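Record features, source TrEMBL:
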ACT_SITE  Asp292  active site
ACT_SITE  Asp678  active site
BINDING   Ser256, Lys262, Glu263, Asp292, Lys433  UDP-alpha-D-glucose binding site
BINDING   Lys434, Asp458  Mn(2+) binding site
DOMAIN    6-58  domain 'Cellulose synthase RING-type zinc finger'
REGION    118-149  region 'Disordered'
TRANSMEM  756-777  transmembrane segment
TRANSMEM  789-812  transmembrane segment
TRANSMEM  824-843  transmembrane segment
TRANSMEM  876-896  transmembrane segment
TRANSMEM  908-927  transmembrane segment
TRANSMEM  939-959  transmembrane segment
Amino acid sequence: MQPGDPICNTCGEQVGFNANGEPFVACHECNFPVCKACFDEEIKEDRKICMRCGVPYEENLLDDVEAKANRLTMASHLNESQDVGLHARHISSVSTVDSELNDESGNPIWKNRVESWKDKKNKKKKTAAAKAEKEAQIPPEQQMEEKQQSLDAAEPLSILIPLSKSKLAPYRTVIIMRLIILGLFFHYRVTHPVDSAFGLWLTSVICEIWFAFSWVLDQFPKWSPVDRETFIDRLSARFEREGEPSELAAVDFFVSTVDPLKEPPLITANTVLSILALDYPVDKVSCYVSDDGAAMLSFESLVETADFARKWVPFCKKFSIEPRAPEFYFSQKIDYLKDKVQPSFVKERRAMKRDYEEYKVRINALVAKAQKTPEEGWSMQDGTPWPGNNSRDHPGMIQVFLGHSGACDIEGNELPRLVYVSREKRPGYQHHKKAGAENALVRVSAVLTNAPYILNLDCDHYVNNSKAVREAMCFLMDPQVGRDVCYVQFPQRFDGIDKSDRYANRNTVFFDVNMKGLDGIQGPVYVGTGCVFNRQALYGYGPPTMPNLRKNNSSSSCSWCGCCSCCCPGKKAIKDPSEVYRDAKREELDAAIFNLKEIDNYDEYERSMLISQMSFENTFGLSSVFIESTLLENGGVPESVNSSTLIKEAIHVISCGYEEKTEWGKEIGWIYGSVTEDILTGFKMHCRGWRSLYCMPLRPCFKGSAPINLSDRLHQVLRWALGSVEIFLSRHCPLWYGCGAGRLKWLQRMAYINTIVYPFTSLPLIAYCSLPAICLLTGKFIIPTLSNLASILFLGLFMSIIATSVLELRWSGVSIEDIWRNEQFWVIGGVSAHLFAVFQGFLKMLAGVDTNFTVTSKAAEDADFGELYMIKWTTLLIPPTSLIIINIVGVVAGFSDALNKGYEAWGPLFGKVFFAFWVILHLYPFLKGLMGRQNRTPTIVVLWSVLLASVFSLVWVKINPFVGPVDNNAVTQSCISIDC
């Protein structure tokens, strides 16, 4: 068998080919893999609809089967007794283990497979007979009702809603017009230099060209924005039939935390409680909490949380509470009696709120106790030392609090599984921060529960919509949509932000405009939280419908990019040898996995031998239990595994040396190499041919906390920008990575390029923001005297910018204020955090110098949005403050100069002042945040900024490059000619 060929879902054989030499397809709606032999059996048993989607088979296929049945001869009946069945084919052995198991009596594996197929066939016949007998006893009215329900269940679970032409056509037209106007504008700018200020003119033109390039990278990925709508009722009708066990897919939740003193345990606990109280079958939900700091405070708070969940979960499900995070539910300023009709609700709500307040007191007491660590370290209740007293050197720890065999709620019902995980840490090992912790959770969850889907959340992002998982399953469990989907991304929404959103903390433009545009191409980028993954995609496999890549080992690749013909004219596009090797290893692994799936009758020792011989450990690590779990596409713990040894195996897979000499962090799981591991992980999946989807229900599914003060916001943006610079300087740079594969769409690649080059815009941006002040101080200008044509071009460019924003408002639904705040913070972050990220990234990647710009904390004194007015000292505040001071000084100097020269100087002054006010207006939120509520700006920030502005002005006056050298002879002649 060739790896990658379609495999029959019924018998495990190759699907085969039809008369035209193409792979046989029974159902053209969902492409459910069924071979010709199994298809014939289905038709013979009078089942003429697809077993997956319920759509009737095409008439021409049914006619072929009936014609073939009529042509059966007596010889075929005689041969049938000697044949092992319709599936009698030769299977080639792929390992020495196969040959060792074959004896003189034949291949026992093949015989077992035939017997299992016969059992399946007999079972199907019995099921069909029982179903027919049952249907005969059901009244016709009830049969009609059930038939209608089955038809409803066969409908799609989600629909794609493209933008109407009335909105999309004008939007695209304006984009093209703006591109044309930009071309004409640059033609004018280049052909009309300003000789009296050539340096300023050249600087401005270079900056404007970069801004135009940046605009193209940001604009064109929004070429085809789309919306999506889900149908949760159809999902329930299809997978949750009355009287039958739920067939919904299981989901493993990942919650990550590091330092409980910086990430309050109460916030993490609310996230966990909102997960445990989901509107989803309890046996399908498992919550894994990763404590990467090995803090006893996190462990003890989780003990209290598990106990409180026994009361909170039944309360939420009984009264359909939203949201199901108690802190945010009880803090809502709404009339909670409005839609509640149960008489007992008020009484139970008051009792629950009292219980929650007591629970908060216990958690806060633990936090207060943890403020001062004992000299001998923390001890557990039995007196033994806490294993995580040294957060950098401790063993792996796992504790299962709730679950199938754990405590039930107060009503005796089962609760979802809750697992505490702290991976092993030892000196000398690279642990890769959050990405390493997430990969450890992938392995632990695969050993203990192995749900086919994974949903990861930050510790401060709680579930705001109890049906969030059902929303994602409408995509992932839809056979027509979910086959090639690697993840479903939800937008981030935030609590506790001021109404004006001074520092664009909500990122509304990104989540409501850019992400919708990407959803129309190959899918949104992964943003680190609120994302439901297909576990198989995290394991490094390609999508099932993507054809294998052709390998060409004889070709030599380009020495610079190693992948495409863009830099090698005259040569064909060729693949990077390392990429060819990775694809070859992946195909080899796919083949090994397929053959391992075929063998269901090995005992544990034989299976471990086969796994070792297949070299699975070189990819996944030395755990046969984990490797076997990767073979189960629909999840679940392997039947051959001894449940009593699962915890021991789970401890093994989170050991600090488990990832050594494996593909973890390179091709599998969260990808290492950047502090923004989320962008890198999603990019690798898209390069393999997967696509992602964007889900935006009316009620936000997840909400979190955002840093709302200026210093913390800049520090957050610095981290994101630094990660982008690291990706730009790595082998995963989207400019060239994966070009030879052809699986990443060019607009999607353009979007990823934009995510890594945007920090470099800080260099032209800080130069452009300095130009107005320089022009005002020197009396020069970057634009010559405008002609009529130039005036039309400037006016056209200005109007096209406004028209683009207005049309984006029209189809996205964001407000003008959101776009304006986004524009302001683009300038604020660009001249501060992005600038520092560029220098820090180059120092880190090229010189190996790791520079950190830390922010110190202070307690907020104000009750409402107290954090908004806090000022924390950080180096990031200096460049924007300097720009503000320089531009204010320039405006004052410009007006003073105009007053001295008379009315003729006022005309040129307005153009210069307009640009200076443009800079000041964009930096106004920064200035307002810098002053705080009571003018509490750190003195050191003002001193540094004034000092830099003064030095810059003095140096500029001393070495003004726009004043030509003085001709002494000309001065002398002019003095002689003066008539005294």
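Heads up, the Cβ atoms here are built off N, Cα and C, so glycines get one too.
Keep in mind it's a predicted model, so treat the numbers as computed, not measured.
Of all the binding-site residues in the list Ser256, Lys434, Asp458, the shortest Cα-Cα distance to Asp678 (active site) is found for Lys434.
The most densely surrounded of the binding-site residues Lys262, Lys433, Lys434 is Lys434 (count of other Cβ atoms within 10 A of its Cβ). Cβ atoms under 8 Å from those of the transmembrane segment (756-777) belong to residues 197, 200, 203-204, 206-208, 210-211, 214, 217, 721-722, 724-725, 727-728, 733-734, 827, 830-831, 834-835, 837-838, 841, 879, 883, 886-887, 889-891, 893-894, 897, 912-913, 915-916, 918-919, 923, 953, 956 of the same chain, restricted to positions at least 6 beyond its ends.
Each residue contributes its Cα atom, and for Asp458 (Mn(2+) binding site) and Asp292 (active site) those atoms are 13 Å apart. Of all the recorded positions listed here (Glu263, Asp292, Asp458, Asp678), the one with the fewest other CB atoms within 10 A of its own CB is Glu263.
The full span of the recorded UDP-alpha-D-glucose binding residues, Ser256, Lys262, Glu263, Asp292, Lys433, taken as their largest Cα to Cα distance, is 16 Å.
Straight-line distance linking the Cα atoms of Lys433 (UDP-alpha-D-glucose binding site) and Asp292 (active site), rounded to a whole number, equals 8 Å. Within 10 Å of Asp292 (active site), counting C-alpha to C-alpha distances, fall the following of the binding-site residues Ser256, Lys262, Glu263: Ser256. Within 8 A of the CB centroid of the UDP-alpha-D-glucose site residues Ser256, Lys262, Glu263, Asp292, Lys433, the other residues of that chain are Thr257, Val258, Asp259, Gly293, Lys434, Ala437, Cys459.
Less than 8 angstroms from the CB of Ser256 (UDP-alpha-D-glucose binding site) sit Ser290, Asp292, Lys434, Ala437, Glu438, Leu441, Asn456, Leu457, Asp458, Cys459, each of them six or more residues away in the same chain.
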